[in-house]
Amino acid sequence: YSYHCIFVQSIGYATLAKLDPQYGLYTSVVPPLIYTLMGTSREIAIGPVAVISLLLSSMVQKLEDPMANPIAYHKLVLTVTFFAGTFQAAFGLFRSGFLIDFLSHAAIVGFMAGAAIVIGLQQLKGLLGITHFTNKTDVVSVLKVVWSSFQHPWNPYNFLLGCSFLIFILITRFLGRKNKKLFWLPAIAPLVSVVLATLIVFLTKADKHGVDIVKHIKGGLNPSSVDQLQFNGPHVGELAKIGLIVAIIALTEAIAVGRSFAAIKGYHLDGNKEMVAMGFMNIIGSFTSCYVATGSFSRTAVNFSAGCETAMSNIVMAVTVFISLELLTKLLYYTPVAILASIILSALPGLIDVNEACNIWKVDKLDFLACIGAFLGVLFATVEIGLLVAVTISFAKIILVSIRPGTETLGRLPETDAFGDVNQYPMAVKTPGVLIMRLKSALLCFANANFVRERIMKWVIEEEKDSKLRNAEKTIQIVILDISNMMDIDTSGIASLEELHKNFDSNGMKLAIANPRWQVIHKLKLANFVPKIGGRVFLSIGEAMASFSI
């Protein structure tokens, strides 16, 4: 089942990357073999994928026009593949996998949805038989070209052929989901579509009546491409940048796919080994006429449904595609381009996760902003801008949370020695004359020190006002600061604590520190802060209360 998915989709994805069809097949031979030797996932299927193909075509074509100079364009794609593999291997060897986490889950959901729509719009060229198509990927430019094409005479046969088989593939997918025993039906649908469409074109001579066909696909074993890598040209810096972006996106998709199926099967996936495996397979792939390969969710799902238990499935697929390269490429001469477009279109709904976008909106509005930013950026600008917007919003969220950490007032839970947030636990009892506060930040530093100091002072002033309004016998005499969440502190943070101590001291209040981490207390001692507050540093809030005989 994996064979026809990979064989048919590989040809379509190569055309999406603006490469000749055989390069998609080459990419389905060597990288899967390398991954089998080095990777740790048992189910993942390696090969070209839609999103990476789109990334390459949208970014590399800015450096070289694939229509005007396809050979030079192909050399740049191979060089990008080498750089992508090098970055991926380096991430794994130096245990830098955290870099792929800069793309948050929300950003990936938005990016994938936007990319799916852009990929779908790109397929209108093959589906409608448009001769002159734009190199831009934004929705406005593509729709302008499509609209202008309707102003001229056009051939409806491409559209009818493509739509007919698109409907056929979607119906088989629906039947496969409704009846699990028919899981093989959507798996064979792409191959059946290609065979039938090719026969229809051949028997009816539809290519003579305006139906675009694939024509010649070069067969044989992957040729060497070592001498085609461009390390001395004027675009090396740009190619390295594109390689980095592609490397991160490819790793994000592959590791997400691998971990999803590893969790179902109940085994651990080593992220760093995966990165090294992906890196070396793309480096070797760049030497053997392959472009960037990664793990595909749709093909991995087919592997999983078919009961694949080991990575040997990649070897079976690679050998099968190689045999096809040797024997079957001539049979694809009359394959209509529209059927390849319909196969790619049929795979796109799986990239758009509306339910997950709704969940993100419910859970975290800032995360949804990153999601919709990536979606709109890819859709109305470029793929790079969509990624940049998503990463920028994600970083802005991190910075915002870091520079504006929360604080909470604590009270003793009845009949216990535990203390909890009075807003979360209304039954928590405040102790008269004592204000207990917890800082909800792992870091007190130059970025948030003044905000934290002002926030604490504001709380103290408000508590003082409340005490006076209640005619309480005791005003605040002791402020206990619980810093159990704080992992580190810098000199700005220490200076803000010293200012707090001075303000409290001048108003007849004492400052005490509770639950400090060893890194924090070590720095406070070095800064001579502990003696300044009279050594009032305690292991727990309860110990602090006891020391003041409260």
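The backbone N, Cα and C atoms fix where each Cβ goes, and this holds for glycine too.
What TrEMBL says about a protein is an automatic prediction, not a curated fact.
Counting residues of the domain 'STAS' (444-548) by DSSP class, helix then strand then coil, yields 57 helix, 15 strand, 33 coil. Residues annotated as domain 'STAS' in TrEMBL: 444-548.
The transmembrane segment annotation in TrEMBL covers 44-60 (among others).
Among the features that TrEMBL reports, transmembrane segment is placed at 72-94 (among others). Through the fold, the transmembrane segment (72-94) approaches residues 17-20, 23, 56, 60-61, 63-66, 100, 225, 228-231, 235-236, 239-240, 242-244, 246-248, 250-251, 271-287, 289-292 of its own chain, all at least 6 residues removed from its boundaries and within a Cβ separation under 8 Å.
Positions annotated as transmembrane segment by TrEMBL: 106-124 (among others). Same-chain residues lying 6+ beyond the ends of the transmembrane segment (106-124) with a Cβ under 8 Å from its Cβ atoms: 16, 50-51, 54, 130, 137-139, 142-143, 146, 249, 252, 256, 341-342, 344-345, 348-349, 351-353, 356-357, 360, 364, 367-368, 370-379, 383, 386-387, 390-391, 393-394.
Taken from TrEMBL, the feature transmembrane segment applies to 157-175 (among others). Taking Cβ pairs closer than 8 Å, the transmembrane segment (157-175) reaches residues 126-129, 182, 185-186, 189-190, 193, 196-197, 200-201, 206, 209-212, 336-339, 341-343, 345-346 in its own chain, all 6 or more past its ends.
Residues or ranges marked as transmembrane segment in TrEMBL: 182-203 (among others).
Distant neighbours of the transmembrane segment (242-264): 40-44, 49, 51-52, 55-56, 59-60, 79-88, 91, 97, 99-100, 102-103, 108, 111, 271, 274-275, 278-279, 282, 292-297, 300, 304, 384, 387; these residues of the same chain sit at least 6 beyond its ends, with a Cβ under 8 Å from one of its Cβ atoms. Taken from TrEMBL, the feature transmembrane segment applies to 242-264 (among others).
The transmembrane segment annotation in TrEMBL covers 276-298 (among others).
Remote same-chain partners of the transmembrane segment (304-324), defined as residues 6 or more beyond its termini with a Cβ less than 8 Å from a stretch Cβ, comprise 1-3, 6-7, 10, 25, 28-30, 32-33, 35-36, 39, 41-47, 183-184, 187, 221, 261, 264. Feature annotation from TrEMBL assigns transmembrane segment to 304-324 (among others).
Tertiary neighbourhood of the transmembrane segment (331-352): same-chain residues 8-9, 11-13, 15-16, 21, 50-51, 112-113, 115-117, 119-120, 123-127, 129, 158-159, 161-163, 165-166, 169-170, 173, 190, 193-194, 197-198, 201-202, 206-207, 211-217, 297-298, selected by CB-CB distance under 8 Å and a gap of 6+ residues from either end. If you look up TrEMBL, you'll see 331-352 (among others) marked as transmembrane segment.
Proximity of distant same-chain residues to the transmembrane segment (372-396), defined by a Cβ-Cβ separation under 8 Å and at least 6 residues beyond the stretch ends, is recorded for 54-55, 58-59, 102-104, 106-108, 110-111, 113-115, 117-118, 137-140, 245, 249, 366. TrEMBL lists 372-396 (among others) with the feature transmembrane segment.
Within the model, the domain 'STAS' (444-548) carries an average pLDDT of 91.
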